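Features reported for this protein in Swiss-Prot:
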- 400-417: compositional bias 'Pro residues' (COMPBIAS)
- 456-471: compositional bias 'Low complexity' (COMPBIAS)
- 472-481: compositional bias 'Basic residues' (COMPBIAS)
- 8-164: region 'PPE' (REGION)
- 201-256: region 'SH3-like' (REGION)
- 319-340: region 'Leucine zipper motif' (REGION)
- 385-418: region 'Disordered' (REGION)
- 443-556: region 'Disordered' (REGION)
- 473-481: motif 'Nuclear localization signal' (MOTIF)
Amino acid sequence: MTAPIWMASPPEVHSALLSSGPGPGPLLVSAEGWHSLSIAYAETADELAALLAAVQAGTWDGPTAAVYVAAHTPYLAWLVQASANSAAMATRQETAATAYGTALAAMPTLAELGANHALHGVLMATNFFGINTIPIALNESDYARMWIQAATTMASYQAVSTAAVAAAPQTTPAPQIVKANAPTAASDEPNQVQEWLQWLQKIGYTDFYNNVIQPFINWLTNLPFLQAMFSGFDPWLPSLGNPLTFLSPANIAFALGYPMDIGSYVAFLSQTFAFIGADLAAAFASGNPATIAFTLMFTTVEAIGTIITDTIALVKTLLEQTLALLPAALPLLAAPLAPLTLAPASAAGGFAGLSGLAGLVGIPPSAPPVIPPVAAIAPSIPTPTPTPAPAPAPTAVTAPTPPLGPPPPPVTAPPPVTGAGIQSFGYLVGDLNSAAQARKAVGTGVRKKTPEPDSAEAPASAAAPEEQVQPQRRRRPKIKQLGRGYEYLDLDPETGHDPTGSPQGAGTLGFAGTTHKASPGQVAGLITLPNDAFGGSPRTPMMPGTWDTDSATRVE
């Protein structure tokens with residue numbers, strides 16, 4: 001920048017920009033870093049110089065020692081120069097930081113500028129009959145002085161800082177430590193593009209293209225009509241838009257020999273479409289319909305040819321990588337199948353046995369097997385030992401089945417389910433023991449009247465009681481065991497109250513002046529048992545035919 005530019009801005013702008021910046025702190029920190037780097041370079045150079053001096057002094061004799069010293073000499077010189085450059089860079093940055101501090105000290109502050117504006121306003125407000133003309137002129141001249149001072153300060157700061165940055169030395173890359181006459185290492189990887197070019201030249205395709213196709217392309221490209229049309233933005237567009245151009249040996253060698261990866265594929269296509277977009281924009285900007293039409297045609301051919309060439313290179317590279325990875329991937333793919341190939345003979349026989357199921361296709365289905373009667377589950381309430389049942393077991397008649405195989409295993413009865421009997425819930429229904437004794441007496445009387453079975457069915461009927469006696473004998477002691485309800489339950493004594501008519505409900509009905517009469521008769525209405533808890537409940541359900549009419553109270 002020049003002084004007039006700084007002079008064109010008011011001092012408030014320069015003061016605000018200079019005072020609101022980061023200050024000289026970052027420059028001083030950077031200068032300290034360059035000083036440290038210079039010291040590190042110097043220490044490394046001293047160490048290497050001492051090592052080379054020891055080699056020359058006789059630690060390592062022979063011609064190889066001289067070669068070793070000669071190989072390290074350029075690197076030693078670079079270390080010394082890098083140390084000097086780093087020190088110079090630190091000095092330049094310190095100079096720029098000092099210039100910044102000087103400019104900040106010489107720049108009028110925002111407070112001074114604000115005070116000048118405030119004083120100018122007061123003088124203008126109190127300037128009656130021009131009495132403040134001289135103070136106003138002095139204040140304005142002071143503001144002009146600050147304006148010039150700010151511009152001069154910025155110009156000086158720019159000159160010093162620019163010179164410091166421009167004079168900063170640049171360090172070159174470190175030289176390699178190699179033998180002076182060492183041959184250049186040849187690349188181990190062959191150039192496939194060059195190999196394809198040599199093959200195309202060997203078969204004569206290169207000569208045919210150079211002698212026949214390329215002259216024709218050049219003639220089309222150099223047509224005055226096309227040259228005048230595209231000379232303004234892309235004179236090579238007629239050549240790139242010619243499909244014969246993509247048949248050149250260089251393009252074929254690129255498609256078949258360049259190792260294309262996904263990133264390069266995307267980068268090449270992006271670059272091509274960027275060029276095509278620029279050509280289309282220039283053609284539409286010209287406004288010439290012929291230019292737009294030819295540009296669309298040529299760019300379409302260029303896009304198709306580039307996509308085909310790059311896609312061939314990408315597919316070829318992916319196929320080569322896949323074939324190279326197959327030897328390493330086959331063991332990984334075969335690892336899950338190894339247990340099947342190394343399975344023991346027993347496992348193989350198990351799989352081979354499944355083949356016998358194929359012979360069952362032609363065998364007719366057999367009759368369903370007859371399931372023998374399942375033994376009834378024993379009741380959980382303890383009962384006395386029953387007498388033999390008179391009824392013989394029914395004989396199941398089954399249809400004959402062909403001898404196709406071993407008979408199915410017999411179905412065995414499930415084991416009797418044992419659990420807490422109803423006596424454990426005596427607190428819900430009272431006098432369970434008496435009810436059990438009554439049922440025992442009734443059951444015994446009924447079974448005593450059963451006629452004896454015939455002699456032919458006697459063994460079968462005699463075996464039935466034995467099967468029922470054992471569960472009952474095992475369940476009988478459970479009544480007296482712990483956790484059976486009677487251990488911690490106190491039953492209320494039987495009061496023996498007779499059931500009476502309920503005083504609740506509709507109340508006394510009839511004519512006025514009638515009285516309540518309780519007379520024996522047929523039970524009707526609502527019947528309750530007064531003062532009844534659990535102990536005085538009926539032992540058997542009351543049915544209409546067994547109601548006790550004497551103990552009921554009729555509500556009339």
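Placed from the backbone N, Cα and C atoms, the Cβ positions cover glycine too.
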Average pLDDT across the region 'Leucine zipper motif' (319-340), rounded to a whole number: 78
Residues of the region 'SH3-like' (201-256) by DSSP state, where helix covers H, G and I: 43 helix, 0 strand, 13 coil
Residues in the region 'Leucine zipper motif' (319-340) grouped by DSSP into helix, strand and remaining coil: 22 helix, 0 strand, 0 coil
